[in-house]
Amino acid sequence: MQRSPLEKASVVSKLFFSWTRPILRKGYRQRLELSDIYQIPSADSADNLSEKLEREWDRELASKKNPKLINALRRCFFWRFMFYGILLYLGEVTKAVQPLLLGRIIASYDPDNKEERSIAIYLGIGLCLLFIVRTLLLHPAIFGLHHIGMQMRIAMFSLIYKKTLKLSSRVLDKISIGQLVSLLSNNLNKFDEGLALAHFVWIVPLQVALLMGLIWELLQASAFCGLGFLIVLALFQAGLGRMMMKYRDQRAGKINERLVITSEMIENIQSVKAYCWEEAMEKMIENLRQTELKLTRKAAYVRYFNSSAFFFSGFFVVFLSVLPYALIKGIVLRKIFTTISFCIVLRMAVTRQFPWAVQTWYDSLGAINKIQDFLQKQEYKTLEYNLTTTEVVMENVTAFWEEGFGELFEKAKQNNSNRKTSNDDDSLFFSNFSLLGTPVLKDINFKIERGQLLAVAGSTGAGKTSLLMMIMGELEPSEGKIKHSGRISFCSQFSWIMPGTIKENIIFGVSYDEYRYRSVINACQLEEDISKFAEKDNIVLGEGGITLSGGQRARISLARAVYKDADLYLLDSPFGYLDVLTEKEIFESCVCKLMANKTRILVTSKMEHLKKADKILILHEGSSYFYGTFSELQNLRPDFSSKLMGYDSFDQFSAERRNSILTETLRRFSLEGDAPVSWTETKKQSFKQTGEFGEKRKNSILNPINSIRKFSIVQKTPLQMNGIEEDSDEPLERRLSLVPDSEQGEVILPRISVISTGPTLQARRRQSVLNLMTHSVNQGQSIHRKTAASTRKVSLAPQANLTELDIYSRRLSQETGLEISEEINEEDLKECFFDDMESIPAVTTWNTYLRYITVHKSLIFVLIWCLVIFLAEVAASLVVLWFLGNTPPQDKGNSTYSRNNSYAVIITRTSSYYVFYIYVGVADTLLAMGFFRGLPLVHTLITVSKILHHKMLHSVLQAPMSTLNTLKAGGILNRFSKDIAILDDLLPLTIFDFIQLLLIVIGAIAVVAVLQPYIFVATVPVIVAFIMLRAYFLQTSQQLKQLESEGRSPIFTHLVTSLKGLWTLRAFGRQPYFETLFHKALNLHTANWFLYLSTLRWFQMRIEMIFVIFFIAVTFISILTTGEGEGTVGIILTLAMNIMSTLQWAVNSSIDVDSLMRSVSRVFKFIDMPTEEGKPTRSTKPYKNGQLSKVMVIENSHVKKDDIWPSGGQMTVKDLTAKYTEGGNPILENISFSISPGQRVGLLGRTGSGKSTLLSAFLRLLNTEGEIQIDGVSWDSITLQQWRKAFGVIPQKVFIFSGTFRKNLDPYEQWSDQEIWKVADEVGLRSVIEQFPGKLDFVLVDGGCVLSHGHKQLMCLARSVLSKAKILLLDEPSAHLDPVTYQIIRRTLKQAFADCTVILCEHRIEAMLECQQFLVIEENKVRQYDSIQKLLNERSLFRQAISPSDRVKLFPHRNSSKCKSQPQIAALKEETEEEVQDTRL
């Protein structure tokens, strides 16, 4: 970044914002980059501002029982705030004084007042000076207030972030990620631009009092008629506002429904394509869109009348003020023109400025109170450690995640029983609730000495992760004692990758030791993976590390924990995503050898790990089931496997699981709302399911993963598009909103890779931060960076003869705080938080406007209609002028009406009224025409929005995966949320305003040109200057806006990243490191935002200066060239003032239109995406009703005579090559093999070898070459949809969308209830579905959060059974499953798919043992394709992975003659607790 010219700028340069000229010039000539932006002043840095506010807030907390955040803000910013407020007031006062001088100038042309003619020129000079003074006062004042608002936002951003890192886990579990982002976006947004309006609360009353005093002097009591009308108008607008709020609330629910389904569709687009659900999803979303648009139209009409009421009120204000006085006393011309000018100022103050100011204060105080409540929430308390102890001891420890559960369930049950429902099964729904709060851990005792390994095992939900949380201090024990040294390292169950390089992720801010680092890399088996990257370990990983496989992420996470020098290592199921061989190697080399001298607690259920552990702790339902050594376990608890894992008690187990699931559901739906929910209030919010899921989404626009991925708010609209809070009302005229979105800024955690093998996060709308922290989203973007990470080496050359273990054990330097400010610059940060750069030009092209206008043919006719009415209005005004011009002098005094603006002009004398009545008649007619001309325009523009949404949705659903993989899910969702909302809400009324203002200016110029042709000559260069200035500014402005928007992404991404890794952050003590990173992200955004504000003020000031020059010219031309016509001077000067203020508004409005049209450009970009191959490449006849045509059957003799394909499931693969993108590197090369009908094939290979990719290639979800035949039919000879329907799919990432059970199982409604129930029975879902009210019609929301992961897998299995597919693709179906569900899946595969071809990708050996053939993939190619016997006889990967016990199971006859094998204890499930509901971990 460059040094800012502001530092050396003179006072004049600062006053006129001339210091921004270099950036404006550069932006006009070339594209701006981040390096072109100026550095921020030190006073605006996040460090300084946050320190200042934090100091005052701490002082407030220390001194008062009820601390007020507003007091801390007042002490920081009050005096500067008031100084700029006084400047603003003085600027507004000049507006009130201008009409006085205008009246004196007009009066000087009165034939009876000739003595004042000589001073007219001086009055003109005075009037012009007032304009100059106003310009010099207003612009610095507005900029100063915006600047203070920015500083307040930055300080509070930082304060909230710091508080977030300190919150206790219990508090985090009650706060949704959406609420946190809401605090950092819409609430704080109110300060940025709202602060400039805040002063009008006291300025407007003073201004109204001054104006009414001046008008009283002219018109006496009749002045209050106009004021009365304005007050009535303001109340009318308030009423319209309330009506609009009602429609907004109704519509918000519908938008939520649509966006939830859309986000689920985008997130699971691969599954949608695999299931061939494109048409079903499109129909579902379009139906919701239709309902939404009905309310959109109603809201738009109300807003239109609200907006047009202001435009058309000017005539009535003047008319009502002047008429009573004229009828009673008669009136002179000077008073009319002076009154018109006064009324213009009065109208703006009463109907616009005051309501905006009140709304600003209401919003700001509400935001401050919310932030204040948040800052007082309970903080995380670190346990008291004993640094001298070397052992880890737990004595009689009991802990609860939450107290008061009993009351909650009791009240919820009563509430449910009181509810009148048509369903008799509600009692079932609550029948299994425990009415007592159960401890997550109870009476736990163990003791391990230094250097020992404790293995913690247990079933899903037993409390293993909670045990580690308690040791770390995240969970407070209610009873008992915990003792350890406090120097902890932690590896999370779900690997957490921060944006940065691999090296930075492993070192994690700790001092760098080259040799320790290398030993850790080797022990964690990362060397081979790192060597594949061109930048080695300096490759920059985006959010979540999307380019890495799940196993690679898990190993990096483990390496981070191992690299830190600690006394106690907590490893929470670190091997969940590793293949058997890699897991075995890492356990031996890392956990057993490298860390041999360290105290380790490993959560695992693998028998091999239990055997090697010094001590074993087995948990069951939160209690200690066993504690001791492995040999003791075999002797004392021979039944522990079946007891814990529930093999012998399926019915009881599933009932318990359902109980925990529904209990968690009740808790989640009961804890909604922004404020802390007391237990006594929960009955109002108890769990409720209805036929429509929209009711529960009143405050949510995105489901939680999209809350995580993207939070967007629409600009300039009261509709809140990120929908976090229901009581947050955005000001109507918000120019910018600080919410992440891509082009207008988007915070995106990019879509999960379609072939990623890591964990997935099921969508939940009100997902708590705690749940967020227990899930990993495999998202991010790979960015290549040339420069290596800047890290400081602190170790010297290794001493001779040091072993790897010695090097590892050597204590690292205690100096762990890197010099962050020196080592992390904005460029690095920007790279880490990489975001897609849009290839959209800085200014909207004419082609975009043309395409937009021609989307709907009616729009052209509506625009012509608007033009015709405008011409009629101008013609009527000119006719009246002509009529007056031809009136005999004695009758002069009639009426001139210029219906160009709402600013009516009356010229009358008391002698005659008949022209006055003509004027009123013409005005009323034209008013009615003008009032309703905008309605067809608004209506048609909403129809255009409807068409564009439909086209874009169709385009996204039909786009190939190679295209969708290059886009981030947040970016796609932004098109459907933010951009469609702009097309629905903002664009119609902004275009209406612009057209209205443009026509007003043209009409006024036409009238002035008729009256005084000289002024028309002066107007032309001014308009040319305005157009040139706009074009010059717009180039830079839009680029700065783009950079500013992109600068928001790091802020919100960093917040979410920090929350996801919060336990890791705290365990490593890296909060200060991350606070500094956050401040860097804030400063990066501030630099862009400050420059945007400065250039915007430069532009506004230049417009004002042109206006002042024009007005000076007009004033002196009219004074010097007009003879005895006071009426002509009055019309010219009044219109000149109005022309220029309206022209300024029109220019600003045109910039708004251009900015909003960028949304249209983005939508068109998506509409123009390539589509998937919809037709076969060879010429064939179409298929009908799911069957191939007769011609196809004849051509393919393999197809049976009953016309059904596929019939057997034989599959032949020839030279298959797969790529992610066209022209990219092949991921799979020359794959060839064949599968017989009904055969089971297992895919083998290391993590990341391409097993899941092969399954995607079968479905043609990638760019493929080669050929695949099914039952003799080649994939080139039939359509894509028909090909995919041949497969049944159980994907790695389970897809449950918001809708009923029936819709989720059969979205096309092809099957009867009997058939669905039969299949549900087959897969073990009947008992689950029957537990819910409504059964098949029960509405699942938020990715099916009421279901366990196992139940979701069974849903996918049921879909495959219903599809009657002959080939089944299973991608790790047992990942995260409890053994019961796993047994159901195995049983169903044997029964329902007995005669089907099955291709299985699986890490569990026992599942693979059922396959007849195995396909081994290594280095993108087929290494082996053989039967299990051949693989076991050779030195293959499979032979290395399989244990002797599994070989005994496979071939018992080979061992029968040898010694009898020892009884084996079945391996415990290595589960990841992703779906544990009752412990919320």
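Cβ coordinates are placed from backbone N, Cα and C, and glycine is handled just like the others.
Look at Swiss-Prot and you will find 1-77, 147-195, 244-298, 359-858, 940-990, 1035-1095, 1152-1481 tagged as topological domain 'Cytoplasmic'. As annotated by Swiss-Prot, transmembrane segment applies to 78-98, 123-146, 196-216, 223-243, 299-319, 340-358, 859-879, 919-939, 991-1011, 1014-1034, 1096-1116, 1131-1151. Per Swiss-Prot, phosphoserine is recorded for Ser549, Ser660, Ser670, Ser700, Ser737, Ser753, Ser768, Ser790, Ser795, Ser813, Ser1445, Ser1457 (among others). Sequence annotations record features per position, and here Swiss-Prot assigns ubiquitin cross-link to Lys688 based on similarity to another entry. Summarising the annotation, Swiss-Prot assigns region 'Disordered' to 1462-1481.
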I'd like the per-state residue tally for the topological domain 'Cytoplasmic' (940-990) from DSSP, helix first, then strand, then coil.
45 helix, 0 strand, 6 coil
Give me the count of other Cβ atoms within 10 A of the Cβ belonging to Ser549 (phosphoserine).
24
Between the transmembrane segment (1131-1151) and the transmembrane segment (299-319), are there at least three Cβ pairs closer than 8 Å, leaving out pairs fewer than 6 positions apart?
no
Counting Cβ pairs under 8 Å to the transmembrane segment (196-216), which of 123-146, 223-243, 340-358, 1014-1034 comes out on top?
340-358
Confidence summary (mean pLDDT) of the topological domain 'Cytoplasmic' (940-990):
88
How many helix, strand and coil residues does the topological domain 'Cytoplasmic' (1035-1095) contain under DSSP?
58 helix, 0 strand, 3 coil
Beyond the flanks of the transmembrane segment (123-146) by at least 6 residues, Cβ under 8 Å:
15, 17, 80-81, 83-85, 87-88, 90-92, 94-95, 97-98, 101-102, 104-105, 108, 192-193, 195-196, 198-199, 1093-1094, 1097, 1100-1101, 1104-1105, 1107-1108, 1111-1112, 1115-1116, 1119
